[in-house]
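Undergrad: Can you keep this structure in mind? I'll have questions shortly.
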């Protein structure tokens, strides 16, 4: 029972057909339902009147005695036919049946002569258009081609393929096309097989690849692919999207043609034919698209329903197909026009009828149609109406209470009030469609309702219905009223201290505050009652600096938003500048011009300081390096001195000096250009001026013997490794070249060991 009403429905509908010229045609239509039922026919939307050529049979079918594609008056029996059935419940229309005349054109492609070497591939083709699709057969030397021969492949579109050619395949070929309209013969073509089978290598090549096809589900698709090459290439198929082709309904014709039987929408895609050289990756490819269409069919049928007056009726009709079908609704056979209380949604899949009345009672049909076909389903709406229902409520009034509240009041109906069980208040924005309406239920003893949570400055419509256990009354008169305007909300206020006399007030952007015209800013000292302000600010302003303030007191800052409906609530903040003043005393502000001069001077000083520091570091490193070398030399001298025989204390100074000097001279003789240069360099870089005390005591080291001047050189090494010998400051003779004398000077005084 899905898809039709029990009161009136189709059992058999007319179907698409191809008619033969001058032959009779019958279109079937069978209806069931409550009698009496009247059946009529239309062609291209125009009513068919019974005539000698076309009339309706007793079972409701249409009989066309002599179908003619073109009549003498220019009319045609071709077109779209539908059947209409009507009883006192309503009217239904069948699906449209497309009727076409059987035809056959002349051949527009004839087979061509061909000369092919033995072992090669021959292909003949002929094409012809016709309705229905002509069946094409091939003849060789006027005898039908033997289809049992595996080397001969006949394709449905008029193609003959011959592989592995032999001498006996030579002959004259032609094709024969047949359908219910006619039989036609093509021109003849000669096939000549020449020479013997060649062994010369040839790259694989695709002679003919697949064509683009558009078919309907359950039909058969043949994708042609014929390839040549030596050795003979291997032909394979794949889908461009990588999905598997599958095996069910799949067959290979000849050496590489792909046939898909019982097509489905899932077979749609791009198919790739590949010709591979055996044992290598050498290949050639060709591709073609296959589009499979599916006629419209219903996934969900509309259901017949019964609804009381004043309620809402909803029909749902969901169809699928490829391409996606278009849905059209009919009411008693006529295209349904939408209005304020009749709405179509979800791509026409949902039909909603609001506030139904007796005039809406009818049979509603859903027509789904695409390029592959059409279908229809129907459902009936029954409007329940009972005698003795209340009359509409009276005196409906609506009064505005606030920006979000309206109070609605009414009086009870004038008639049939005893069975009332309650009232329903219907509410919607005046600018909204009917389907946006919502309801609030009210008890039977209540005659007013406070409607809250409304939007400010918005118009609303209201009407009332009285309900009984048997149904609802008709709707009362509609009243429309608007809510009051609303003042803006409180702004979010933030205070930032800029300096000891200035603060900055900032707040949220005005877009968050609703409809308003601007802001008002007030401020005052907290111990005073009088505000400074208001400072009027535009709605796009979000900050304001308050200047010339007294840092010793606390200030109160107040901000509010206003519009044409008044001032909103204010936001208050308190701020003190005392801490800023204290911080300023501790950290006085800078003189920018002076600081800039100081910065320049400081920069120069920093650069000079860096140079001095680097120079000091270099000298320190050199000092450490040469000091360490001198220490090693003197340590070695001490070791040599300790290894000599001990002499009396009175003679130790001279002897030790001579030994040390001799040792140094011996060492200098071995490396005259080495250590002597190093010591001279050290003396040059670090000249030492003897102290007054040293000058009085006449302390000299053995190094001074080789010095070119009378300055005393002092080297420091640990006491446990080195002894200082104190001598009398007798002048030493100088060598003209700065070298030490051969023998020490006489008259040495007593030596004290340091």
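Backbone N, Cα and C atoms are what each Cβ position is placed from, and that goes for glycine too.
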Undergrad: May I ask you to indicate which of 585-605, 606-626, 627-647 is given in TrEMBL as transmembrane segment?
TA: 606-626
Undergrad: Give the residue counts of the domain 'Fibronectin type-III' (392-486) per reduced DSSP state, in the order helix, strand, coil.
TA: 3 helix, 46 strand, 46 coil
Undergrad: Pairs of Cβ atoms less than 8 Å apart decide it: which stretch in 204-287, 295-382, 487-583 has the most with the domain 'Ig-like' (105-192)?
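TA: Answer is 204-287, with the largest number of Cβ pairs below 8 Å.
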Undergrad: Please compute the mean pLDDT of the model over the domain 'Ig-like' (295-382).
TA: 92
